[in-house]
Amino acid sequence: MIHQLHALLEGSYDEMVSIRRYLHQHPELSFHETKTAGFIANYYEKLGIEHKTNIGGNGIIATITGSKPGKTVALRADFDALPIQDEKEVSYKSTVPGVMHACGHDGHTAALLVLAKNLNELKDELEGRYVFIHQHAEEYAPGGAKPMIEAGCLDGVDVIFGTHLWATVPTGTVQYTYGPLMAAADRFEILIQGQGGHGAQPHKTRDAIVAGSQLVTNLQQIVSRRLNPIDSAVITIGSFVADNAFNVIADKARIIGTVRTFKEDVRSFISEEIERVVKGTCMAADCTYDYQYFQGYPAVIPHDEETKFLIESTKAIKEVSVTEQIDPDMTGEDFSYYLQKVKGTFFFTGARPNDAQTYPHHHPLFDMDEKAMLIAAKILGTAAVTYHTKDQSALNANESLLR
């Protein structure tokens, strides 16, 4: 059956590209993806595939039930875009000013829709149940995964698989980890309150800019001097605002940043350490402060057994030329919530053409190799169908699967 599925996917590649380009031209921001959700629902409606809308917001789940009993496998794709102006000069450039699919979610959606269509054509031969989770709002915390789970998208699910098309990795490469793949992504805000005054009379003020500047430097000592070197973490200041005239000493400064970690105890430790450093720095400068720490998505931690199974599954896919275990990445993803509830894995599917200049995710010139969508669909489909055996030798020996 795997050969049949791959042949169907190859025959549907042009449709996959067409869907992706339509979505690329019509992006919608997180929590506002109503038209995209309508497009997805309409696709399933035309195919006669059972589906439900408004799951935890704009989320959609579709379900295919095979003719034979078996486990329930979930596959997930996100479909929101980013507040970025598309600067590419291509026929499928975004038509929405200031909004762009700059992270490949259009490709995720196209791959999953066509995979569902092709699996539906084979449902008389399928075992078990297949749940296709189309998730809204991955880009903007609190995200769409958590409310979809609370609304029941994982009810009865035994395992979940997901991928991210990764435009910085060559097409044909699959990257994975045992242990954390992506980091917990948190945000903090600090308001330093001093006393402003004339730039010529600093002795009559409490300079919030000087206090903030010292704080930025002091915060970097948390990772270098307070954290166990065996652990990994990032503290990045992304915004430092104290807007005043050239001859005015600022009375306040606002600092905003992000923290990335892989372990929950390290996550808590850094949150507490930031406040300790803020308190000490502001006390030394005779300033007061307000500190807020916002936990975002937890770390993405795939399950080892399912990761091993999926990587074995890629051996049945001719387009996969490299599978490589990588170091964890400090980016974040709310797929983490699914993996906290059920077994599963998440991996990167390379989407960088070898002969073209590429730009990173979240860049105004971002694009990807569309052939990677076909590879992603084959990997997810192969893993979903063969998961029912959980016997690695079945991938090569079981004629009922490979015919």
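Glycine too: its Cβ is placed from the backbone N, Cα and C atoms.
Sequence annotations record features per position, and here TrEMBL assigns Mn(2+) binding site to Cys103, His105, Glu139, His164, His362. The domain 'Peptidase M20 dimerisation' feature in TrEMBL is assigned to 188-279.
Locations of recorded TrEMBL features on the structure.
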| residue | record | DSSP class |
| --- | --- | --- |
| Cys103 | Mn(2+) binding site | coil |
| Glu139 | Mn(2+) binding site | coil |
| His164 | Mn(2+) binding site | strand |
| His362 | Mn(2+) binding site | coil |
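For the Mn(2+) site, the Cβ centre of Cys103, His105, Glu139, His164, His362 serves as reference, and the other residues of the chain with Cβ at most 8 Å from it are Asp78, Asp80, Leu82, His101, Ala102, Gly104, Glu138, His361. With a 10 A radius on its CB, Glu139 (Mn(2+) binding site) counts 21 other CB atoms from all the protein chains. By the criterion of other Cβ atoms within 10 Å of the residue's own Cβ, the least surrounded of the binding-site residues His105, His164, His362 is His362. There are 25 other Cβ atoms within 10 Å of the Cβ belonging to Cys103 (Mn(2+) binding site).
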